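Colleague: Here it is, the structure in full.
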Amino acid sequence: LEGYNGTVMAYGQTGTGKTYTVGQLGKEDPSERGIMVRALEHILSSMSLETDSVAVSYLQLYLESVQDLLAPEKTNIPIVEDPKTGEVSLPGAAIVEIKDLEHVCQLLQIGETNRHAANTKMNTESSRSHAILIIHLQRSLKIKEETTVSIPSDTEHTLPGDLPLVLKSKLLIVDLAGSERIDKSGSEGHMIEEAKFINLSLSSLGKCINALAENSSHIPTRDSKLTRMLRDSFGGTARTSLVVTIGPSARHHSETSSTVLFGQRAMKVVNTIRLKEEVDYETLYKNVENEVDHLTSEMERQQKLRHREKMQLEKRLKESETFLNDLKMISSVQIENLEKEKHQFEYAVKRLMQELEEKEGRNNVLSEKIVHLETSLNEKKQQQLESFSTTQILAETTKTYEKKMGELLRELEEERSRSASMKGHFNVLEQQLSDARSSAQFQENMARELKRELSKITQTFTSQVHSLEEKISQLVSEKV
């Protein structure tokens with residue numbers, strides 16, 4: 001549970017209670033449960049199944065062939081050793097994840113059903129194979145924020161805090177087949193072959209224990225598949241417990257003494273336990289993948305938003321261009337109308353000036369006539385003084401001339417008032433002409449202002465598009 005590998009192994013003569021001690025299910029009486037059931041019960045009660053996982057593999061070594069007890073069709077499973085760490089694995093074995101104790105009992109019952117057993121003189125149901133239950137534990141934990149984990153490479157890297165770590169460990173519970181003598185067990189036929197392979201693998205195990213106890217330079221672990229599978233349990237990195245079973249009968253004194261000697265030699269073997277802690281790259285990969293998916297969706301959302309903003313800006317630009325074109329057309333029409341009005345006003349002014357000049361000419365003629373009449377009147381008055389006889393005639397003529405002179409004076413006044421009104425109308429026309437020119441100048445200024453605003457909007461839109469492209473390229477690089 002703390003991250004170290006472990007092994008519990010039962011060794012002893014046939015019929016001394018190895019399977020009872022290790023593999024008893026205890027369905028009717030829980031007090032008779034073996035180490036397998038008790039160990040899994042303790043592990044399940046000490047772990048959180050939401051964050052941690054427990055899985056089992058149940059194998060047997062029969063006639064030097066590794067077979068899967070949970071999947072009987074898998075036979076002759078290869079044994080693979082990691083050249084760097086020396087860890088032994090069985091890549092073809094079935095690994096079943098468990099959730100509760102009932103599931104454990106079902107799996108162990110399936111394994112016991114598929115295991116080879118036979119009736120001998122020493123035991124009514126003797127195990128004819130070595131059974132190995134492998135319990136795989138994986139516990140999740142978080143590294144402290146101030147702690148960093150170094151990964152060896154060409155350059156030194158440091159992983160950030162809050163990195164997911166896992167403790168990976170395995171527990172081997174081994175129920176060895178019992179060593180036996182053919183004459184005592186009464187084995188015949190095929191059972192003799194089974195006993196030969198059992199004794200061969202147990203003798204190889206004894207040789208390895210002796211070599212380890214004596215600190216020999218060569219450990220013959222490759223002499224049998226059993227010693228290869230238990231390579232880490234003796235002289236390796238696992239915490240190993242050995243259960244030695246013996247019989248009370250004096251008839252089996254030699255077997256009992258050899259079993260006790262095996263246990264004594266095994267106690268001299270020193271294991272160096274090692275904590276197996278590694279980064280949970282699977283969880284880290286899932287987290288990174290989720291983050292990448294989130295960033296991708298966010299980037300797509302940003303792209304859609306930018307595209308929508310781009311479409312809106314293009315729409316506004318088109319509307320502005322349309323408005324500007326309409327304004328240009330309206331301005332051009334208004335300018336044309338103002339030009340026409342200007343020409344009309346100029347023509348009217350010219351015509352009024354001509355009429356004014358004509359009136360002035362007439363006034364000059366009338367003034368000359370008045371001067372002439374006054375001169376004539378003076379002459380007539382002198383003539384009246386000279387001749388009384390013609391006085392009456394001259395008086396009448398004078399009245400007539402005075403009447404004509406009054407009429408001419410009235411006409412002169414009328415012409416003067418008409419000339420003054422024509423001048424006022426001319427001033428009004430000049431004011432209207434200046435207003436039209438200022439309106440045209442205002443329309444031209446407004447068109448220039450709209451052009452400047454359009455250029456500013458175009459520049460802003462171009463800069464936003466460039467910034468969006470840079471952000472998209474940055475996001476793409478971060479995603480890669």
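Using N, Cα and C of the backbone, Cβ positions are placed for all residues, glycine too.
According to TrEMBL:
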BINDING   G12, Q13, T14, G15, T16, G17, K18, T19  ATP binding site
COILED    278-305  coiled coil
COILED    335-460  coiled coil
DOMAIN    1-269  domain 'Kinesin motor'
Colleague: Same-chain residues six or more away whose CB lies under 8 A from the CB of T16 (ATP binding site)?
Modeller: G178, T245, I246, G247
Colleague: Can you work out the mean pLDDT of the predicted model over the coiled coil (335-460)?
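Modeller: Result for the coiled coil (335-460): average pLDDT 82.
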Colleague: Could you tell me which of these binding-site residues, G12, G15, G17, has the fewest other Cβ atoms within 10 Å of its Cβ?
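Modeller: Output over binding-site residues G12, G15, G17: least Cβ neighbours within 10 Å is G17.
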